[in-house]
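*Asks:* Sharing a structure below in structure tokens format, with a few things to ask.
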Number of protein chains: 2
Amino acid sequence: MAETKGFHVAVVGATGAVGEQILKTLENRNFPIKKLTLLSSSRSAGKKVLYKGESYTLQEAKPESFEGVQIALFSAGGSVSKALAPEAVKRGAIVVDNTSAFRMDENTPLVVPEVNEEDLHQHNGIIANPNCSTIQMVVALEPIRKAFGLNKVIVSTYQAVSGSGQAAIEEMYGQTKAILNNEEFKPEVLPVKGDKKHYQIAFNAIPQIDKFVDNGYTFEEMKMINETKKIMHLPELPVAATCVRLPVATGHSESVYFEINKSGVSSEEIKGLLKEGPGIVLQDDPENQIYPMPADCVGKNDVFVGRIRNDLDEKKGFHMWVVSDNLLKGAAWNSVQIAESLVKLSIVK
Amino acid sequence: MAETKGFHVAVVGATGAVGEQILKTLENRNFPIKKLTLLSSSRSAGKKVLYKGESYTLQEAKPESFEGVQIALFSAGGSVSKALAPEAVKRGAIVVDNTSAFRMDENTPLVVPEVNEEDLHQHNGIIANPNCSTIQMVVALEPIRKAFGLNKVIVSTYQAVSGSGQAAIEEMYGQTKAILNNEEFKPEVLPVKGDKKHYQIAFNAIPQIDKFVDNGYTFEEMKMINETKKIMHLPELPVAATCVRLPVATGHSESVYFEINKSGVSSEEIKGLLKEGPGIVLQDDPENQIYPMPADCVGKNDVFVGRIRNDLDEKKGFHMWVVSDNLLKGAAWNSVQIAESLVKLSIVK
């Protein structure tokens, strides 16, 4: 990393659940910043935010806000990215976009550095940060793909409410209090803020994340399916997903079944690969009840993997349990990591 | 049903989470009882319990307690069943056992009436009630097996704490309160009362239900695998399970992937089968956000199924979401339903 050099960095959506974590992560990583521009909607403009002890005033994001910006980290929703990311690029910035706006655009690399860092060289100004639930799964699958190839993936998710933003976290805690106190409450945010109906999340599980597509899948499920194929460069890989929201604040968990391209591989070999895998912490010791859980992953950048075992019938099949902080590796840390890669690979100079 | 005739019924473990529901269910179903004997451990003996407005005193369960008993419903733990179920049988009772003690015994039928009621004729005194998570899954799979055969099942569960008994429910609510009030707490019950370590369940997900077997699976997972094969009379069916405990009081959910024996079947055909399936309520209308959720199933005997959709790659593959009250269809209702079948088939006279 060019530690001695600094960059002009803009963060768009600095007060959101992810934006906050981006600032914290830039600070923790000591990212080389020579100028920091914090942008937001007109509603949040004027608010003050601390970075390394210094107070910054949020400015309303406009096309001209990006003059001189070298790296722009967007996490203010898809419509903001669609409107302003091209404006930032036009002014010379490289955009790392945390929304779904450009993920499936064939001219936009979709990057998880542990998996396809080299795709950054193909950028046309915008780099897309994948969906949170996709990121942690591909990090866990990549060392396995490299060694043995991948034939099939079936995932069922256990996703935290913070993936739906600050309002969803507050709704979960509010409902929980109401239920404990025997008070009435009215669901208004989950499963999807903009959808027709809203359901209780406290002490419940909702099998809907994002709206439904015509084929009976949700957009979240289709994101996991399509993004996995794109990131791993396996357009033909069969991937299936069922995405479920839980009463957990932060930390997504995933029950992943996968088939490799080789018979006779032991679960110990898979564990060995994951132990050495970049960005992965292996937590797999059933005898001592060691396995990943969302409550343990909060605030950590790693992807935690455990419960690795051979399928009892399919000789090429395995099961594993993958947990990660959806706001960090699932969003803020992956974005900052992309920015670090851009510097390391001298794509931003 | 022999509505005019009554039977001498014993309930063993009448004050447990399941025992309470058995009494409630016998009452709701107006089961033909001419004499009711309520049995318990010596610890609970002497306690009083209401049935149809009448007060009953719990007696300590002993071999001689079963004199004259025609149907004995056991749900007081495996060791009690192992010790006393044979004694009850010796005295002429038919035992419906809700523990895992006899489930895989080859001389003991393992019965879900919607699936294999006719196996009751093969009983040798004891009939085993399957594991809660198995029951709801086989109810949903059976109409599909009948029509198209089954080639493969992969399930990931989302299980409620009441499956671990009253102490686990109290632990979940206690931890929840402690977290909301920023107080300390010490996990003591979950994931498994008798295991070495205990973990937070509030706002968390624990990928362990029951202890671990040597092969890396938990006993709960092996129960789902083995019991499904036995109940459905498909000893060669590939079944895989990952079982996870959630901060939900009651209501198990399951993400089920299955492959049938025929290509070209539409998800609409599968929905049609499930709509007509015994014990099943189809809740599947994505456009109107209709799908099953644990919070909606509590207190109901049915198995709720939704999110049915074709796999996007495997022509014989489908996904569905199955929810049921684990204390009712998963335990008490299935036990009472077996008792009703015993009467209907004149196995008890």
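Backbone N, Cα and C define each Cβ position, glycine as well.
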*Asks:* Among B:Asn326, B:Asn334, which residue does TrEMBL annotate as binding NADP(+) at the site that also has B:Thr15, B:Gly16, B:Ala17, B:Val18, B:Arg43, B:Ser44, B:Ser162, B:Gly163?
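*Replies:* The candidate from B:Asn326, B:Asn334 that TrEMBL ties to NADP(+) along with B:Thr15, B:Gly16, B:Ala17, B:Val18, B:Arg43, B:Ser44, B:Ser162, B:Gly163 is B:Asn326.
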*Asks:* Please spell out the DSSP helix, strand and coil residue counts for the domain 'Semialdehyde dehydrogenase NAD-binding' (B:8-123).
*Replies:* 39 helix, 32 strand, 45 coil
*Asks:* Give the residue from the binding-site residues B:Thr15, B:Gln159, B:Ser162, B:Asn326 that has the most other Cβ atoms within 10 Å of its Cβ, counting over every protein chain displayed.
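*Replies:* Buried the deepest by this measure is B:Asn326.
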*Asks:* Compare the C-alpha of B:His252 (active site, proton acceptor) with the C-alpha of each of the binding-site residues B:Arg43, B:Arg103, B:Ser162, B:Asn326, and give the closest one.
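*Replies:* Result for B:His252 (active site, proton acceptor): the nearest of the binding-site residues is B:Asn326.
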*Asks:* Work through the binding-site residues one by one (B:Arg103, B:Gln159, B:Arg245) and name whichever has its CA nearest to the CA of B:Asn326 (NADP(+) binding site).
*Replies:* B:Gln159
*Asks:* Roughly how many Å separate the Cα of B:Ala17 (NADP(+) binding site) from that of B:Arg103 (phosphate binding site), to the nearest whole number?
*Replies:* 20
*Asks:* Drop a 10 Å sphere on every Cβ of the recorded positions B:Arg43, B:Arg103, B:Arg245, B:His252 and tell me which sphere holds the fewest other Cβ atoms.
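*Replies:* The recorded positions B:Arg43, B:Arg103, B:Arg245, B:His252 were compared, and B:Arg43 has the fewest Cβ atoms within 10 Å.
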